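Feature annotations, courtesy of TrEMBL:
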type: BINDING; residues: CYS80, CYS85, HIS159, HIS164; note: Zn(2+) binding site
type: COMPBIAS; residues: 212-227; note: compositional bias 'Low complexity'
type: REGION; residues: 212-237; note: region 'Disordered'
Amino acid sequence: LLFLISCRKSKGKPNGKKPAPEEKKLYLEPEYTKSRITDFEFKELVMLPREIDLNEWLASNTTTFFHHINLQYSTISEFCTGESCQTMAVCNTQYYWYDERGKKIKCTAPQYVDFVMSSVQKLVTDEDVFPTKYGKEFPNSFESLVKKICKYLFHVLAHIYSSHFKETLALELHGHLNTLYTHFILFIREFNLVDPKETTIMDDLTEVLCSSSGSSSNGSGNGSSNSAGAQNHVKER
């Protein structure tokens with residue numbers, strides 16, 4: 001019993017210090033989460049139409065999300081610098097880029113986003129990966145590539161919210177960001193494109209934005225406990 005008590009104390013007060021209070025998340029304020037550019041039912045919009053091939057649908061939507069998220073990031077890119085964002089961080093999680101050889105690279109947020117956008121641009125314009133000509137088939141690895149793209153695009157969206165929401169508000173583009181995020185999350189959930197553990201870090205926002213869009217809160221049940229456990233240290237991915 002004494003051992004358990006000591007363990008609990010050590011978790012609550014590492015090194016005898018009180019845990020740092022979690023920073024208030026401005027993007028969760030009701031006055032901002034209500035902002036949208038449309039009230040369309042995105043749950044219906046992301047569903048695969050009967051006449052459309054699944055890969056065609058994934059390709060079309062993934063390419064569109066890439067362009068929109070790239071555009072959204074460009075609006076705050078001047079504020080996302082090597083000095084202001086020395087790591088690619090989202091709340092208490094720090095992301096690393098892995099090159100083609102699998103080598104782990106620590107980089108600033110703008111460098112990470114540049115890696116993401118450059119690699120995705122290369123893929124979506126490759127006829128062997130995202131074919132546009134009639135009769136040309138998608139590669140066997142297509143779905144896994146789409147999943148990889150969506151994971152990285154989620155990181156960019158999450159970084160905008162966690163580090164640049166004030167600038168987004170100042171530009172009055174939070175309605176666009178909320179709409180884009182809602183559409184994107186419902187799409188990746190519809191086709192299981194991103195592991196729920198990967199998106200848990202933004203479950204609080206997802207629950208607020210997507211609950212009114214006919215979305216089930218997959219993974220949100222574990223979100224609060226995971227967030228609480230991450231308050232005292234930085235996770236790496």
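First residue shown is number 1, and so on along the chain.
Cβ coordinates are placed from backbone N, Cα and C, and glycine is handled just like the others.
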Practice task
Tally every other Cβ atom lying within 10 Å of the Cβ atom of CYS80 (Zn(2+) binding site).
Solution key: 20
Problem - Cβ-centroid neighbours of Zn(2+) site CYS80, CYS85, HIS159, HIS164, 8 Å, sequence order - result: ILE76, PHE79, SER84, ALA109, PRO110, VAL113, ILE160, SER162, SER163
Problem - Number of Cβ atoms other than its own within 10 Å, given for CYS85 (Zn(2+) binding site) - result: 19
